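As recorded in TrEMBL, the features of this protein are as follows:
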type	residues	note
SIGNAL	1-30	signal peptide
DOMAIN	96-336	domain 'Glycoside hydrolase family 31 N-terminal'
COMPBIAS	208-225	compositional bias 'Basic and acidic residues'
REGION	208-247	region 'Disordered'
DOMAIN	393-724	domain 'Glycoside hydrolase family 31 TIM barrel'
DOMAIN	732-820	domain 'Glycosyl hydrolase family 31 C-terminal'
DOMAIN	839-881	domain 'DUF5110'
Amino acid sequence: MRSLNVSPTRWVGLFALLCALLALITPAVSVKKENFKTCDQSGFCKRNRAYADTASTTSNFQSPYKLDSTSVKLEKGVLTATVLKSLSPSENVRLPLTVSFLESGVARVTMDEEKRQKGEIELRHGSKARKERYNEAEKWAIVGGTKVSTGAAVHEADDSATRVAYGPESKFEAVVTHSPFGLEFKRDGETQIKFNDRGFLNMEHWRPKVDKPKPAEGEENKEPAGEDESTWWEESFGGNTDSKPRGPESVALDISFPGYSHVFGAAEHTGPLSLKETRGGDGKYDDPYRLHNSDVFEYEMDSPMTLYGSIPFMQAQKKDSTVGVFWLSAAETWIDITKSSSSANPLSLGVGSQTTTTSHWISESGLLDVFVFLGPKPQDVIGAYGELTGYSQLPQQFAIAYHQCRWNYVTDEDVKDVDRKFDKHNIPYDVIWLDIEYTDEKKYFTWDPLTFPNPLDMQKQLDDHERKLVYIIDPHIKNTGNYPIIDEMKSKDLAVHNKDDSIYEGWCWPGSSHWVDAFNPKAKEWWKTLFKYASFKGTAKNSWLWNDMNEPSVFNGPETTMPKDNLHYGGWEHRDIHNVNGLTFVNATYDALLARDKEEERHNVRPFILTRSFYSGSQRMGAMWTGDNQAVWSHLEASIPMVLSMNIAGFPFAGADVGGFFGNPSSELLTRWYQVGTFYPFFRGHAHIDTRRREPYLLDDPYKKIITQALRLRYSLLPAWYTAFHEASTTGAPILRPNYYVHPGDEKGFAIDDQFYLGSTGLLAKPVTAEGATSTEVYFADDEKYYDYFDFWTYQGPGKHAVSAPLDTIPLFMQGGNIIPRRDRPRRSSGLMRYDPFTLVVAVGKDGDAQGTLYLDDGESFDFQQGAFIHRRFSFDGRAGSLASVDLADAGAASSKAAKEYLKSMENVRVERVVVVGAPASWEGKTEVDVSEEVGGKAKSEGVRKAALEWHAAEGGKAAWAVVRNPAVRIGAGWKLQF
Ligand code: NOJ
């Protein structure tokens, strides 16, 4: 055999080269799973799974929970009773139950523990923690919708069950079964949701620790077999021991959805939108979905592992029916999902079969507190959830445009240079971001004096083009000398405490740190003082906020967070409040920004904050993103179901780091990522400190050109986006809408999570997420025409269609029947588009008609609450051959000073073009349309004028289309075009 004569040093060189090449092709990153618990390593999760297994496999299993029939009362819309947990024939634990029937048609079930309510328990280790079960999650999560309905009435009761009719026209019914205790929720006589049907209800009651005598030396431990007590009193993981002063206190319940084959929700995870089963087997997960907000470094795809935020809200979907539950617990929670099928027809392949999905919810502590939604439409469920937890904030206009971030822009000159380069290359952007390196040695509320000597100059340059700065402030405060902020936080006792009730110290970016306790009202007041322009000198009015690491991330803490036995304001253990911790921090920042601008008489400017950690309700304060993803194709693909999942969870202002945080994307990947990002409600490019620079202007053509086109598409559709954000902020409706939401009767589309609709615009996008792809397949669920957005090629639904999608193409379609508002003039930033004219695109539906809406305001202030907005409906009537604009604003809304001023400022903003796609063939030869305008709701005295019409015949598969040139009608007024 001929051997290659290679010297040893050359071998070393070749080996190094090979390693370097391998590092290029294999992502060098993957999560350190051993840092995070599996269910088996989490005492309460393991115990409850074991409990469920016993309940499922023991013949004649009897749930020990019974309702004391003599205790049942229904007064003013609230049913109260006592559930008895039987410990022995003579010993019961008393668990007070309430079922509240709310005016919205939602039912709320709570269960507490009497002994703990009364404080009749003892804490171990001399703990100063509270004795009650945590009952303040609602204080942070719930803002409305809790008014009880006095219409709810018991319509049947005996010793075995109590039946209550409630909801709209009393169409809903709650059946409380007494022995064993369970609940059934019916709509129109049909059972939709069942509690404790499988017998998994388990409220671990308080008990004193009984020290058992240690076995004598040489003697075997002869403990009788029974419950696994090994994790009741202490639990260790990764070198940390949790002291558990209250012992075991978990709360768990099975919630079944009979006849429902799909469940969605329980964000945030990386798997598909339609949740998978979790008890093992082919294609299923082995572990439950976990909700325990964590800084999961290098998270993995298709996994039930926890991520940065938690929304314990779940929807179940079957043909033409959506129902849901919201499990209000701020403690660590695991959710098992199982499905059982009873198909009458074995060939039905799941469609039409009778599948029951069961969810098993397991929380470490706190009350049992569950809201039940009976639909029947997706929006009924999502809207009612939004009424409880608040609709998403209506952001400032700049916040929904493009954001440019990286860790880090290193000097103020660097920021100015990036800003200039965007302009030089004619690429629009609105916001540039500063990551942690702008600070003086990671001391928040300071600037590095060497690298950021002139922050105000920098912000002035940005402001010249109506651009903004976002800077980062994290909740860990550096524990160091010569830093007044830490001195003040310590002297005023505003930080989180450890289990011994002294200040807690841990490690994060600055090294040794303390954490501001945003549960403490005094800490919130203090936080307000820090953001004032006079306190944090160098910040200007165009600066906004990024709150990161607020799970909280603690580098040396258990599972990279705080010990569970740490203490917060009010004596609550960290265990009780962990998942709501991030929300409280953003809440404090939001109030601080309002206070900052109030002092400057800008009190009506809407704050912008990006948060990494979140809980139900965080949507009221700003945007979220999916944290530290990777520059690989699988992360691009997963970002779509992840963002969709946030959209159906009442928190639509969501996005992923465009380009991937870790690693260097290829030009193709980066280009495709911008095409996807164009459809993230929160659209930001971001990159890790070790990556190469990748601002869009750094790429060569065609990539640069294609990315610029994607950005321009976003800017041109900003009116449609803003309208969708407005709808979300008033109804809770998703901004990106999965197929099931838009077509709840289309079972075949329930699991689709790689395409979506944008608001109510009828725009359907199916961005490409596969390397090298030049085509894709899109699914149209309804019997409607879909026009290619760019060339008007026409597809007929329902069904799947293969579409060409080379690198320069985003598959984007207009569903017939919709009218889409745009602004087509390219500008540097969205602020510069304020007075630009509009284009309306009419996509004619199969019935010849189309509808659309536009919402518009100053994009900045709260003046819209005083009626300072424009809200129009556009209607195209094919038979009458007309397009009209009518007012959707409430009569009288425009009477305030702010409203009048706003409408005046918009008086000259016009429609410069109307494009009718799918224009009737009868228009051939027409060259004009009649334009009539209204003033103050009345036809204008000058009467009718003409505008030019161009008609283009259908060609090949492309629809006929027509353009009205410069109809010059006012965007804020009534008008009609007669074709
Ligand atoms: C973690 C965040 O997820 C990331 O986006 C940020 O760049 C780093 N923290 C540094 O602040």
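Just so you know, glycine gets a Cβ as well, placed from its N, Cα and C.
Automatic, uncurated: that is what TrEMBL annotation is.
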Given the cut-off of 8 Å on Cβ pairs that are 6 or more apart in sequence, determine whether the domain 'Glycoside hydrolase family 31 N-terminal' (96-336) and the domain 'DUF5110' (839-881) share at least 3 such pairs. no
Mean per-residue pLDDT computed across the domain 'DUF5110' (839-881): 97
May I have the DSSP-based helix, strand and coil counts for the residues of the domain 'Glycosyl hydrolase family 31 C-terminal' (732-820)? 7 helix, 35 strand, 47 coil
What is the three-state DSSP composition of the domain 'DUF5110' (839-881), stated as helix, strand and coil residue counts? 4 helix, 23 strand, 16 coil
